[in-house]
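Structure first, then comments.
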Amino acid sequence: MIKYNPAYLNLNERLSQIWLNKYTILFILAAFKLLFFSTSLRNALDVSKSYILSNCGTIDTMYSKTLNSTPHYIGVFGNYLINKALIQTVKTSLSTVSLLVYASEEILEFMVDFYLGTYECLLVAAIDGTVDTAVNATEKLIGFVNGSVGSIANDLDDGLNDLSKIINKAISAAEKVGSLFSDDDDDDDDDSSSSSKNIASVNLTIKALRNLYIPSSINDKLEKISDSTPTFDEVKNSTKNLIGIPFEKIRKEIKSINTTNIVGDPDVLYVPPINDNSNYQGICSANKNHITSFFYSMDHLLKVATIVCIVLLLIGAVVVLFPEFLEEFKLWKRLTQLREFYWYNKDLYPSSSELETINQEVKDPFNDKKNIIPDQFDVIAGYQTCFNPWHTRIVNFIEKIITYFNRSSFQNESNKRRRQWIVAYVASERALFILGIGMLAFFVSILQLIIITLLKRTFDNNSNMININSIANSSAVHSLKDDVSTWSNQVNLYIKQTEGNLNHQVFGWIEDSTESLNNTVTHMINGIDDTLADIFNGTLLYNPMKTVVSCVIENKLYTIEKSLTWIHNKANVTLPRINGDDINNLLSSSNNSTNATGSNNLATELFEDVIDDSKKIINKVIQTYHKSIIYEMIISLVFIGIWSSQIPIALVIARFKNF
């Protein structure tokens, strides 16, 4: 059984700490948080106002510089675009003239070929065909004669030999008959002997015919004539060269034209100078009163809103004391009833509903010390031990420590109980809640101070490493170059898309038509060639007929096909592109001028002022947060002080309390 232990607080003592309840503390913390937030916000507005007003001159100068230099850079940029546009226009015009010259040359050649080329082609074809036919006939005749005469001569020789033998036999028989007439006169004898001598034998031969042949030099001469006869392509090329002489001269003249000289010197174009109007009242300086009024109205509104909210929170902190008072009163009343019931009914443990039916005297909860019997079990102490175990452990732990270091001072029972009660009062649930909040807030404030100190040290070490010139010459310049390059790339993509749409929608039908016509012409030529081959292939008329058809029809079709191909290849538009590097070089050369150099120096000085002001603002912000952390630390110490104030309060109460 748990013995009586008075190390707990009665109703009056509990009510003395009611203002330390968690709800009131939360309202107070919310009020402090709102106050700190309002203070930080007001400091931020004050920093912004100071920064704007201190940099009014810089803002005015930069605004004036931008306003005064804008016409200059617009003029530089516009003159560049005008110059490039005119150059591309001249180039396009010259290219168009060159195409017209070429088209005129081709049309003239076609007309000459159409009217004179046909007859010229037929004439050349007739000459070539005649020579080729004569060469072929001569070759066949020579081959036939030279191959046939020899065999004919041999056959004739064989026949003549047989005939000679027969004749010789006849002559021999005649001579024998003549010898029978020996009585003729001498004259006759003389004539007969002479005749006999003349036809003594007959030898018939055609040896000369055997050596008969036609020499091949005739064929060589004909081939030489065929080789020396000009073809139609040679005649056509010769005519084309004669016609193209003036046109070629015109094209050379067009190519030799310098487009830059035609456009003229771009330096003649007017570029507005960079003005330095120091008498201009800047946009910031002219509105200082409005800026100050704006920040004042913001600060006033913030101050009024903060006061109203803090008052409401403090009222809420006071209001929550009443339900806490009632709850504490009801709890103590139930506990005292339970304790008295236990005293009158030793081993009885009635339920809460049964307590209401018991007819007993209700004790005064504010003056119940006389009812405590030290040797009996205390129900309130048991309740405290069961329902607040950690609080009981903390109280016992602190009591043991005090007892260990002060054994001689607390030997009697009264002092021991007084000591236990003081520890219980100081280590009550509400008091420990205040102590925990204060210690946690103090620890967080220490961490915040460490962070802000490291930040300030890093800023102080690195703030002097900022090189104004390197920043001005690197980041801004590279940013400008990157922006110009990005702009030129995007514009070129837009131009490319427009060029594609133009070629597809305007000239697309020309490409489709020329392709279709070319296919038709090719089909016609192949059909004509196939028809000629079917009719005349393998005959002497094939080549002459093919030549005639080529002169009359196919050459014209080939010319049309070539013209359609040329139109197909030339039927497109190439729009000029923008070169970002040229623009960057132009802007760089413009920045190197006297006015621009002075303006850049002024910009560098202004940039230095901005950097210095930025450093001051950062230092001010760091100091503001440092001050805010100090305030938070003070608040945490206040909470710890509130808890510490419970010690003298407990000592005073214990001085007049009877243990």
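Glycine residues also receive a Cβ, built from the backbone N, Cα and C atoms like all the rest.
Here is what Swiss-Prot says about this protein:
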TOPO_DOM  1-17  topological domain 'Extracellular'
TRANSMEM  18-38  transmembrane segment
TOPO_DOM  39-106  topological domain 'Cytoplasmic'
TRANSMEM  107-127  transmembrane segment
TOPO_DOM  128-305  topological domain 'Extracellular'
CARBOHYD  Asn136  N-linked glycosylation site
CARBOHYD  Asn146  N-linked glycosylation site
CARBOHYD  Asn203  N-linked glycosylation site
CARBOHYD  Asn237  N-linked glycosylation site
CARBOHYD  Asn258  N-linked glycosylation site
TRANSMEM  306-326  transmembrane segment
TOPO_DOM  327-431  topological domain 'Cytoplasmic'
TRANSMEM  432-452  transmembrane segment
TOPO_DOM  453-632  topological domain 'Extracellular'
CARBOHYD  Asn461  N-linked glycosylation site
CARBOHYD  Asn518  N-linked glycosylation site
CARBOHYD  Asn537  N-linked glycosylation site
CARBOHYD  Asn572  N-linked glycosylation site
CARBOHYD  Asn591  N-linked glycosylation site
CARBOHYD  Asn592  N-linked glycosylation site
CARBOHYD  Asn595  N-linked glycosylation site
TRANSMEM  633-653  transmembrane segment
TOPO_DOM  654-659  topological domain 'Cytoplasmic'
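The local packing around Asn537 (N-linked glycosylation site), expressed as other Cβ atoms within 10 Å of its Cβ over all shown chains, amounts to 11. Listed by sequence, the residues of this chain that lie at least six past the ends of the transmembrane segment (432-452) yet keep a Cβ under 8 A from its Cβ atoms are 20, 22, 25, 29, 391, 394, 622, 625-626, 629, 632-633, 635-643. The Cα of Asn258 (N-linked glycosylation site) lies closest to that of Asn572, out of the glycosylation sites Asn518, Asn537, Asn572.
Here the candidates are the glycosylation sites Asn518, Asn537, Asn572, and by Cα distance the one nearest Asn461 (N-linked glycosylation site) turns out to be Asn572. Long-range contacts of the transmembrane segment (633-653) within the same chain: residues 13, 16-17, 20, 32, 421-422, 425-426, 428, 431-432, 434-435, 437-442, 444-446, 449, each at least 6 residues beyond the stretch ends and with a Cβ under 8 Å from a Cβ of the stretch. Cβ environment of Asn518 (N-linked glycosylation site): Glu561, Leu564, Thr565, His568 lie under 8 Å away, each six or more residues apart in the same chain.
Taking Cβ-Cβ distances under 8 Å and a sequence gap of 6 or more within the same chain, the neighbours of Asn572 (N-linked glycosylation site) are Asn503, Phe507. The DSSP breakdown of the topological domain 'Cytoplasmic' (39-106), given as helix, strand and coil counts, is 67 helix, 0 strand, 1 coil.
Per-residue pLDDT, averaged along the topological domain 'Cytoplasmic' (327-431), amounts to 60 for this model.
Within 10 Å of the Cβ of Asn258 (N-linked glycosylation site) there are 8 other Cβ atoms, across all protein chains. In the three-state DSSP scheme, Asn258 (N-linked glycosylation site) is classed as coil. The number of other CB atoms found within 10 A of the CB of Asn461 (N-linked glycosylation site), across every protein chain shown, is 9.
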